[in-house]
Amino acid sequence: MRDYYEILGVGKNATQEDIKKAYRKLAHKYHPDKVGGDEKKFKELNEAYQTLSNTQKRTQYDRFGKNFDSSGSYGSGPFNGFGGFSSHTGSAQGWDFDFGNVSGMEDIFEAFFSGMGGRDGRRTYRRGSDIEILQEITLEEAFNGIEKKLRYKTEIRCKICQGIGHFSKDGFKICETCGGKGEIKETKNTFFGSFAQVKVCHNCSGAGQIPNKMCSECKGSGRLRGEKDVLVKIHRGASDGQIIKIKNAGEAGESGAEEGDLFVRIKVKQHSFFKRDSENLIFEKEIELVELLLILAGDGKIEVPTISGKKIKVEIPKDFDLAHLIKVSGEGMPYFNRLGKGDLLIRFKVKTPKKINPKLKKLLDDLE
């Protein structure tokens, strides 16, 4: 059997997208219905693609090479038909029954439900766990958007064995536990008799063979404790509690299985003078009564900061009520994933003097 990667013309580190592109190109070239097509090569190409495009099958192929069985199956589960029962003995696929030996009723559940689906095929190696990281950003960073480089500790793929846990070039040997069958037979006594159940061999995970040489660096697990670096893009208008998902940036899978995902939870720090209310920003302006009166007596405009860093002049309406807010349109936070911005809302906190001196009294009289 030719190497599947060689058939598709891709390297062993090829992504699923690379494999798909290579397959489409060659399938178009060798399709039997096309002039110059090649049915044999087309079938060979399909076989390679069916294996390498499936994450689980690809992992097994990488582990066992030419010894890989692309069917990946040893038969159906134990409940696939019970037509073989008689009054005292019976059988189903993967099960043998003998009702001569009877024990406690609870053993029936043990017999039927422990190791259910044991003959479904080779073991599926555990996908890596997902990881969640809390990332703090400032309100200004949420306003502008930013890229953050994250470094975190997790299980990473072993670089020595490329995450497989062994070396295919060193070959394989027959599993002594199952004698190369990939499955073992267990007999249990139940209320209805003794049940002989066929299970996937725990020693070789159903492969029937085990590698001659395991990776000494990762002890055969295919992964080690290490650090990962990821660049996460935080878009403009990001809000507190928002979660960003980065696929396959989580914990490495077992023996080459798929990696978990990384979830970055955003925490927006409190600002020193802006308070966020959805896409709006509230700015509280402390001002002395005298200063406010002077402004009203003049051009009626006051200077306030904005989250973008610039300062703007805002006109105080003539009939302004201190209990209300002054709205400046479009000076708030950007809407997330769409155009436009919220508003800047200005609230005045007027500091009144404890007593009115002659100078202030004269000013009030002049304003009247």
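These residue numbers are counts, starting from 1, taken along the chain as shown.
Using N, Cα and C of the backbone, Cβ positions are placed for all residues, glycine too.
All TrEMBL annotations are machine predictions without curation.
Going by TrEMBL, these are the annotated features:
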| type | residues | note |
| --- | --- | --- |
| BINDING | CYS158, CYS161, CYS215, CYS218 | Zn(2+) 1 binding site |
| DOMAIN | 145-227 | domain 'CR-type' |
| REPEAT | 158-165 | repeat 'CXXCXGXG motif' |
| REPEAT | 175-182 | repeat 'CXXCXGXG motif' |
| REPEAT | 201-208 | repeat 'CXXCXGXG motif' |
| REPEAT | 215-222 | repeat 'CXXCXGXG motif' |
| ZN_FING | 145-227 | zinc finger |
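Features as recorded by TrEMBL, highlighted on the structure.
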| residue | record | Cβ within 10 Å |
| --- | --- | --- |
| CYS158 | Zn(2+) 1 binding site | 23 |
| CYS161 | Zn(2+) 1 binding site | 24 |
| CYS215 | Zn(2+) 1 binding site | 20 |
| CYS218 | Zn(2+) 1 binding site | 23 |
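For the repeat 'CXXCXGXG motif' (158-165), the number of residues in each DSSP class (helix H, G, I; strand E, B; coil) is 0 helix, 0 strand, 8 coil. Between the repeat 'CXXCXGXG motif' (175-182) and the stretches 158-165, 201-208, 215-222, the greatest number of Cβ pairs separated by less than 8 Å involves 201-208.
Residues of the repeat 'CXXCXGXG motif' (175-182) grouped by DSSP class, helix first, strand second and coil last, total 0 helix, 0 strand, 8 coil. Secondary structure at CYS215 (Zn(2+) 1 binding site), taken from DSSP and collapsed to helix, strand or coil, is coil.
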